[in-house]
């Protein structure tokens, strides 16, 4: 049981904190919030959607990337390792721009593509945002999964093999769950890093939370207040991610 | 030459026939032509110093290791090595897996799966490999756990159990496959001395049931007591083989005498 007794220095700190928040509420300008509420929520939604979809898709790619490096045939292992090195060794911003300005500018030259049903999607910035963030997450998690797969004791896999288990069953029932459980604490941090990488998509005109607050600042000429609110929102999201992971980890400590 | 009759062994054809098996790791030849026959109901103890190839031999029988050359006849399935020679008939993987399940193995380090409860560990292979229903697998798992005295611990995770309990759980996991042969790879070597007894007790009971077993062990006293036949491996070849009394009393092999005397002073004369 955590104690709720507060020592004096904590009470002082708490009071100082409350005073600062009070001063901020009174002395700073927050009157712009109602006007931009819908925009902020829309931006928050895109940020969340990007975070969730890219980390899920990225992780799904990371599993084969890690497996190929840990146990794959040599050419495949090299290919996966090369991919992870490339992704981890170059700025995400660069990857994003290469996809958006590079790939995106090549598409119009493909015959017939402009008239196809795909075209509206191909000109959407969020598609490139999704691609770049997914590929990046896959690169980082692929490296982490490599280590996790490699660290599952060989004997546990041998036990499965010696009982006649199919290799894919062994992967699904033993190897993967053991590896994933090992990376859960790391994954928590990685998701928060991924969250904080999403503002980069504002540079290719995707309107995420960061882009919305940027626009607010330009339109209202208010310098600090939007930044503070944005910081608070990112902080809350990061906190929620950590809480979710703690819940998962304490539920199954094995 | 290795078909010495034994106390419990019965039947005309051996359950397992290892014929002139060689195994190399790189330049290092660990098995230099080993032949073993195991008859139904027979308990064979494989002894020898570390590096003698006894564990490798056992792992070849479960096909965890692939012999470099030689022939294995495992439960009527003949496999000739190397598999990819000109006129060989490669055994298909599905058959191989089915075969493995009937030659269940117990490891030195237990190798229970830490993310599953003891009961789930035992249910896993019967469900995934033998395609049993969950209910049936659970009933059987509980019966096997009772057999090894772990019913009360069925919902425990392996890392909360002692080494002896984990090894008994691993034996239950092997038994749940209804194997025709049980292979033990130094089942007590990773255990604290006071936990060895409970595991040996379980193995002894299985021997008394008439199960076919091959046990790689350092427990000479146990081998002498339980085994119908003892095989002494030294540097990849069989140095001595026969009834426990004969092998342990043997004076024919210098190496065996040295081995018995140095590592395991059990012989009366050694005191």
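A Cβ is built for glycine as well, from the same backbone N, Cα and C atoms used for every other residue.
Look at TrEMBL and you will find A:12-30, A:42-68, A:89-110, A:125-142, A:197-216, A:228-248 tagged as transmembrane segment. The annotation domain 'ABC transmembrane type-1' is assigned in TrEMBL to A:44-245.
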Paired segments the transmembrane segment (A:125-142) and the transmembrane segment (A:42-68) in contact, 3+ CB pairs under 8 A: yes
Recorded stretch, among A:12-30, A:89-110, A:197-216, maximising Cβ pairs under 8 Å relative to the transmembrane segment (A:42-68): A:197-216
Same-chain residue ranges lying at least 6 outside the transmembrane segment (A:197-216) that approach it to Cβ under 8 Å: 32, 36, 39-40, 42-44, 46-47, 50-51, 92-93, 96-97, 100-101, 125-126, 128-129, 132-133, 136, 222, 226-227, 229-230, 233-234
